[in-house]
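Quick notes on the structure that follows.
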Amino acid sequence: MIQHLIVLPVVLPLVMGVVLLLTRFGSTSLKRGASVGATLLLVLIALALLIKASSGEIDYYALGDWQPPFGIVLVLDRLSALMIMLTSVLALGCVIFACGGDDEKGSNFHGLFQFQLMGINGAFLTGDLFNLFVFFEVLLLASYALLLHGGGKSRIQSAVHYVVLNLAGSALFLIAVGVLYGATGTLNMADMAARLSELPAERSGLVTAGALLLLVVFGLKAAILPLYFWLPRAYASAPAPVAALFAIMTKVGVYAILRVYSLVFGQNAGELTSLDQPWVWWMALGTLAAATVGVLAARDLRLLVAYLVLVSAGTLLAGVGMDTPAATAGLLYYLLHTTLVTGGLFLLADMIGQQRGKAGTRIVKGRPMTQGGTLAGLFFIAAAAVAGLPPLSGAIGKALLLDAAEAGQRIWLWPILLISGLSAIIALSRAGSTLFWRSQNGERGGTRLPRTQWAGVGLLLASSPLLVALAGPVSDYTRATAEQLATPDALISALLSDNGDAP
Amino acid sequence: MESLYAITTGVLSACGLYLTLRGRTFPVVVGLTLLSYAVNLFLFSMGGLTTDGAVVINGEDDYADPLPQALVLTAIVIGFAMTAFAVILAMRARGDMGNDHVDGRTKEDSEESRR
């Protein structure tokens, strides 16, 4: 059992997804129980993987015992263990929230949710470029269906854009994989890194083209500047638990950029080393600036949160663009914080919308809310965390990133990041005061919200103070992760040591 | 053979790209299909084009790279499923929004443009 631990985050959601689809006509409480139970089990598995990886050991699982570089491998290092942990915690919050009634607005919510988890976990674990494509497709297919969960005009319209864009992105991904395979003769990322160090000069143009094509694909997933226009509408129209889970989807893109460009195009790649860096850095700053304008202009709470996701994507990618271990450590801490808090904000926005009746989440005067006090308190905590105010976790994450910037980068990063924080404070306080204080006189409206919804939001928002309380161990872990990423040789030798050189 | 192959792939992807950028869902779906054909052809060629190569490695020098074939098979299956999904989504969008524009125009917009 213990040697199969690495494959469990993929197999468990797959099995549960199939079982949940088979029992689509079964009783609701049974489905909910199974889904929450499976996600809880996933958290425990992720915890075991995290403990295993925290020693710094790099482990891999060769499917069918076909050893790398020929077989398909799942690789567990500090980064992938951290991402799996984050996914499972976020998923637990979302699935508990969904049990409050959102799952019954359409069919097959829980089964699709598990498939989505399978795709995300697989993308984090795989050590093979083509398998990264396959897992991307798995998570995208599930996300298409989840985005449409419950139906409605705005969902269908944003889904058309989302699906068409991602299908075009998949075509680009395949072309990039094809170019890289043609130039290097392998798809295993570690093997590709080893082969790039002895790449014939006439092929380096081909590899550069492939690498930059991959950046376009990952940029589309991570919502980098010219490729983010699908995101705000899709996220704002998705059902709340799905939108909250989508908070991790942009991070899959960030992860892929981190992984591929630190491992394959890492220090061994000669003149191709960190060829993504200038592109990512400038486009990330552009993303931050554009998202800041979006945050200030949003007239709907859900749209506002979607733009905040974009701000966090820009911040993370700026960290990737700095390309130092300190920046990577800072961005990983920020990634944990921002994923969980923006996820929680999506759920909270939905609860506010339910209580306000017709006004929904639009930032206009509405009727007073039955549970307005508690909602306002939670909103205050979430807003302070996401805008990066001390004492909550956003402040620590941003401080780590600001501190990691080198002199030449500070002139650009500091003003843009700090102004985006200020804009977030302005936009959120304007939204909060309109939603909670400027209400019409009249009856308090809205039914009391189910307890599961409170539990889901509470779980996600509690992570922010928890990340502050555990800031020491967490930042130690992210620093160790960044060091591991900066020395890809350890991973390459762990994977390829048994076989020697490939023929 | 190489030039014929390259021209075919290029023409397919150019047509696919052009159709994908159209404003109505039907040409977009057809464009995506053409694009995926072009990608599949391209994937085939990435192991190098050979004729009369042996299917499996049997010690000879001249054998066809089996990996692109496996990859193309996977890509075809995924592309097929995606196209089916896109068709259904386009039909649903047509039904729910009353027109087949990708941006989901309202009735007034389309009447204005007709004038």
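Even glycines carry a Cβ here, placed using N, Cα and C.
Taken from TrEMBL as is:
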type: DOMAIN; residues: A:127-418; note: domain 'NADH:quinone oxidoreductase/Mrp antiporter transmembrane'
type: TRANSMEM; residues: A:6-26; note: transmembrane segment
type: TRANSMEM; residues: A:33-51; note: transmembrane segment
type: TRANSMEM; residues: A:71-97; note: transmembrane segment
type: TRANSMEM; residues: A:109-126; note: transmembrane segment
type: TRANSMEM; residues: A:132-150; note: transmembrane segment
type: TRANSMEM; residues: A:162-184; note: transmembrane segment
type: TRANSMEM; residues: A:204-230; note: transmembrane segment
type: TRANSMEM; residues: A:242-264; note: transmembrane segment
type: TRANSMEM; residues: A:279-297; note: transmembrane segment
type: TRANSMEM; residues: A:304-322; note: transmembrane segment
type: TRANSMEM; residues: A:373-392; note: transmembrane segment
type: TRANSMEM; residues: A:454-474; note: transmembrane segment
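Ranked by the number of CB pairs under 8 Å to the transmembrane segment (A:33-51), the listed stretches A:109-126, A:132-150, A:204-230, A:304-322, A:454-474 are led by A:109-126. Touching of the transmembrane segment (A:132-150) and the transmembrane segment (A:454-474) is ruled out by the presence of fewer than three CB pairs under 8 A, sequence neighbours closer than 6 excluded. Non-local neighbours of the transmembrane segment (A:109-126) in the same chain are 6, 9-10, 13-14, 16-18, 20-21, 24, 31-32, 34-35, 38-39, 42, 72-76, 80, 83-84, 87-88, 91, 94-95, 98, 102-103, 132, 134-143, 145-146, 149, 241, 245, 248-249, 252, 255-256; each lies 6+ residues outside the stretch with a CB under 8 Å from one of its CB atoms. Within the chain, the transmembrane segment (A:204-230) has long-range Cβ neighbours (under 8 A, six or more residues past its boundaries) at 136, 158, 161-162, 165-166, 169, 172-173, 175-177, 179-180, 182-184, 196, 249-254, 256-257, 260-261, 264-265, 270-272, 275-276, 279-280, 283-284, 286-287, 290-291, 309-310, 313-314, 316-317. Outside the transmembrane segment (A:279-297), and at least 6 residues removed from its termini, the chain residues within Cβ reach (under 8 Å) are 212, 215, 219, 223-226, 228, 232, 257, 304, 307-308, 310-311, 313-318, 320-323, 409, 412-413, 416-417, 419-420, 423-424, 426-427. Within its own chain, the transmembrane segment (A:6-26) has Cβ neighbours under 8 Å at 34-35, 38, 41-42, 45-46, 49, 59-61, 63, 74, 76, 84, 88, 107-108, 110-115, 117-118, 121-122, 125, counting only residues six or more beyond its boundaries. Tertiary proximity for the transmembrane segment (A:242-264) is limited to same-chain residues at least six positions away from its ends with a CB under 8 Å from its CB atoms, namely 79, 83, 86-87, 90-91, 93-94, 97, 113, 116, 120, 123-124, 129, 132, 136, 139, 143, 146-147, 149, 189-190, 192-193, 196, 211, 214-215, 218-224, 231, 234-236, 274-277, 280, 302, 305-306, 309, 312-313, 316-317, 320, 328, 335, 338-340, 342-344, 346-347, 460, 485-486, 488, 491-492. Only pairs six or more apart in sequence are counted, and the transmembrane segment (A:71-97) with the transmembrane segment (A:373-392) gives fewer than three Cβ pairs under 8 Å, not enough to call it a contact.
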